[in-house]
Amino acid sequence: FKGGDTCESLLSSGRFLGEKVWQPHSCMMHKYKNSEAKNCLIDKHVVFIGDSRIRQLFYSFIKLINPQVKEEGNKHGNIPFEDKSASIKVDFLWYPEVNGSMRQRIKSWTEGSVAKPHIIVAGAATWSIKIHNGSNEALTQYKINITSIAPLLEKLAKSSDVYWVLQDPVYEDILSESRKMITNEKIDAYNEAAVRILNSSSRNSKAKVKVFSVSKLIAQETIMKSADGLHLPESSRDTNAMILMNVYCNKIMKPIDGSCCQPQPPLTLIQKLAFCFFTLSIIGYLIINLIHRNNFRKNKSCTDLESGEEKKPAISTPNVSTLEMLLHSFCKLGLIMTYFYLCDRANLFMKENKFYTHSSFFIPIVYILVLGVFYTENTKETKVLNREQTDEWKGWMQLVILIYHISGASTVTLPPSLYILFLLSSDSFQVLFRLNFLVVVLCIVMDRPYQFYYFVPLVTVWFMIIYATLAIWPQIVQKKANGNCLWHFGLLLKLICLLTCIYFLSYSQGAFEKIFSFWPLSKFFELNGNVYEWWFRWKLDRYVVFHGMLFAFIYLALQKHQMISEGKGDPLFSNRVSNVLLFISIVSFLTYSIWASSCKNKTECNELHPSVSVVQILAFILIRNIPGYVRSVYSSFFAWFGKISLELFICQYHIWLAADTKGILVLIPGYPMFNVLVSTFIFVCVAHEISQITNDLAQIVVPKDNSTLLKRLLCIAGFFSGLLLFSAVQDQSRH
């Protein structure tokens with residue numbers, strides 16, 4: 001379903017998520033802060049003209065600029081507001097009826113000598129109904145008056161944003177006697193007249209008066225909470241003001257989580273080059289495939305004319321060359337990246353805001369836990385943190401994080417140690433390629449900085465730090481360590497030096513920012529023009545890699561001295577030691593969980609987290625590995641997701657969630673559960689396919705032959721140099 005005109009949707013349709021959260025149809029609404037509202041409206045003049053309902057909207061609007069404003073002043077008079085710091089003027093003009101006086105004021109703005117307001121919000125009708133006791137003559141006169149005003153508003157709409165607010169329904173049961181003639185039937189008649197007359201002469205023109213009809217829908221749900229049956233409760237007025245702010249400001253401020261009224265961003269030079277590359281890859285693959293198929297048909301078995309027997313060909317399948325495999329991978333990747341772009345950059349599919357409920361979070365959690373326990377199998381090996389176990393760990397963690405994200409519960413940072421635990425056993429260049437390939441492609445296609453996908457830079461840097469720590473002199477290999485225990489102290493000394501460096505950088509933000517602000521490092525780690533986000537993410541789990549390396553060292557030492565038993569079904573230590581450690585681990589795990597869940601000050605908890613998170617991680621490892629029967633089984637369901645956990649974590653940004661994780665992608669509107677099922681199925685299939693593509697390309701791009709590898713690395717260096725050059729040109733053209 002096409003997203004359509006999101007501005008029109010924002011002004012005319014939507015629904016409530018819960019009691020106070022308004023969800024526009026097909027797009028996401030940004031919640032503007034005071035500073036953002038000021039930046040958007042700087043040097044602007046806004047005018048609200050109408051009755052008491054428009055006055056309410058006026059007050060809600062100016063409170064977005066200055067929350068300290070009080071609703072004071074003459075209720076039946078003009079009310080000025082000015083914010084001198086941002087040169088913003090907002091005026092309320094008391095014109096409770098659509099009549100000659102209102103027409104004269106609007107006409108004055110169309111004359112050249114008077115400065116036109118940048119935004120005009122108008123609307124009135126209930127006073128006409130009340131004063132004339134709901135007579136049909138009053139309705140006829142209203143039509144005549146609005147007909148005379150409509151051309152003036154349309155003329156203003158060519159240079160200003162003009163909104164006509166339709167009349168909200170009333171709660172007739174609690175209206176005072178003096179307002180009993182204001183019925184919903186009369187209000188509907190006045191609204192129909194306004195909609196029919198406005199823009200009647202400019203239907204084919206872009207300059208139109210925007211009809212603000214969404215207020216009517218909001219009032220239908222909330223007017224029962226009105227104090228007098230006529231005026232909306234404060235929360236509804238605030239929602240209307242926020243909608244108005246989104247309509248005008250989204251195209252100026254371009255907030256990530258405000259997709260309403262935002263035009264589709266133009267293609268950058270790098271995106272155009274990427275599109276050409278993938279197109280050529282698809283064409284190239286199709287040509288090679290057709291040639292191979294044609295050759296294969298020619299070599300196919302033919303019937304022996306003399307014996308009538310069918311001869312089998314020497315080769316049953318065509319040879320797949322490296323070039324064909326490369327083009328095949330890029331062909332699939334190009335189609336997948338097209339889907340990414342259509343989902344989160346083109347205005348093709350709808351996007352909605354997240355909304356948290358306990359059921360939307362806990363029901364899926366229970367469901368996946370039941371499935372995980374159901375799919376239990378024996379492990380191939382029973383060592384501590386064997387491959388199946390680490391895949392399982394990553395799998396259930398990733399699924400929980402995905403549910404956190406889509407349910408709007410929170411956001412979580414994955415501890416990088418979980419990936420580094422098994423990455424170290426692989427070839428380092430292949431590891432770096434597999435970690436970064438998808439993110440680099442997404443940076444190009446989705447026009448996002450590298451640091452935006454913060455987890456991959458985090459893991460990449462920590463992996464390189466571990467590699468460098470172990471590679472620098474003196475290099476301590478297993479043969480040396482087994483020959484002389486003094487080498488163990490050398491390794492511990494390296495770890496202490498690493499800890500000292502981490503500690504120094506964590507308490508010296510200035511030094512940290514200087515290191516990563518140098519070009520070209522700054523291109524990789526800057527987000528929104530600075531490296532603060534990178535500093536925050538790095539600092540949050542700064543000791544977890546040191547803890548992981550120390551754990552690995554202790555584990556190998558215990559293994560060497562045969563102090564642990566890793567046989568199938570055997571407890572890890574002696575029965576007494578195992579029981580004591582298991583009890584301590586369970587208590588520690590529960591204590592940490594209670595502390596973390598009861599955390600009220602996020603800043604203080606973030607400061608403690610790097611030092612104490614090791615308690616829960618170590619406790620979990622011991623609980624999972626001390627009992628032999630627990631260590632010997634794993635969940636194949638969780639392990640399957642664990643194998644593609646990196647792809648799942650990155651792909652969710654654009655094809656499961658929307659607006660860079662701020663919202664939810666809507667492929668099937670009107671059916672939330674069915675939409676999640678369909679989008680999840682596509683999302684998981686795409687993540688699995690990208691994992692296969694990355695593995696195939698890793699074998700080609702990072703060969704085992706050193707001379708070939710050197711050539712490929714030079715090509716990769718040239719590619720990134722060109723990318724940095726194009727990025728610099730692109731940034732310059734934007735400025």
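Just so you know, glycine gets a Cβ as well, placed from its N, Cα and C.
Predicted automatically and left uncurated, TrEMBL annotations should be read as such.
Listed features, source TrEMBL:
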- 22-92: domain 'NXPE C-terminal' (DOMAIN)
- 253-413: domain 'Cas1p 10 TM acyl transferase' (DOMAIN)
- 428-713: domain 'Cas1p 10 TM acyl transferase' (DOMAIN)
- 269-291: transmembrane segment (TRANSMEM)
- 355-376: transmembrane segment (TRANSMEM)
- 396-424: transmembrane segment (TRANSMEM)
- 431-447: transmembrane segment (TRANSMEM)
- 453-473: transmembrane segment (TRANSMEM)
- 485-505: transmembrane segment (TRANSMEM)
- 540-558: transmembrane segment (TRANSMEM)
- 579-596: transmembrane segment (TRANSMEM)
- 638-658: transmembrane segment (TRANSMEM)
- 664-688: transmembrane segment (TRANSMEM)
- 709-729: transmembrane segment (TRANSMEM)
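Panel annotation: around the transmembrane segment (638-658), residues 28, 259, 339-340, 343-344, 349, 351-352, 372, 375, 388, 390-399, 401-402, 405-406, 414, 419, 434-435, 438-439, 442, 446, 453, 455-456, 664-666, 679-680, 682-684, 686-688, 690-691, 694 of the same chain, lying at least six beyond its termini, place a Cβ under 8 Å from a Cβ of the stretch.
Under the criterion of 3 or more C-beta pairs below 8 Å, with sequence separation of 6 or more, the transmembrane segment (431-447) and the transmembrane segment (540-558) do not qualify as touching, having fewer than 3 such pairs.
Taking H, G and I as helix, E and B as strand and the rest as coil, DSSP gives the domain 'NXPE C-terminal' (22-92) the counts 22 helix, 19 strand, 30 coil. The stretch in 269-291, 453-473, 485-505, 579-596, 709-729 that contributes the largest number of Cβ pairs under 8 Å to the transmembrane segment (540-558) is 485-505. Within the chain, the transmembrane segment (579-596) has long-range Cβ neighbours (under 8 A, six or more residues past its boundaries) at 573, 605, 612, 615-616, 618-620, 622-623, 626-627.
Listed by sequence, the residues of this chain that lie at least six past the ends of the transmembrane segment (269-291) yet keep a Cβ under 8 A from its Cβ atoms are 321, 323-324, 327-328, 330-331, 333-335, 337-338, 441, 444-445, 447, 723, 726-727, 729-730, 733. Mean model confidence for the domain 'Cas1p 10 TM acyl transferase' (253-413) is a pLDDT of 84.
Below 8 angstroms of C-beta separation, residues 269-270, 273, 429, 444, 520, 523, 701-703 of the same chain, each at least six residues beyond the ends of the transmembrane segment (709-729), sit close to that stretch.
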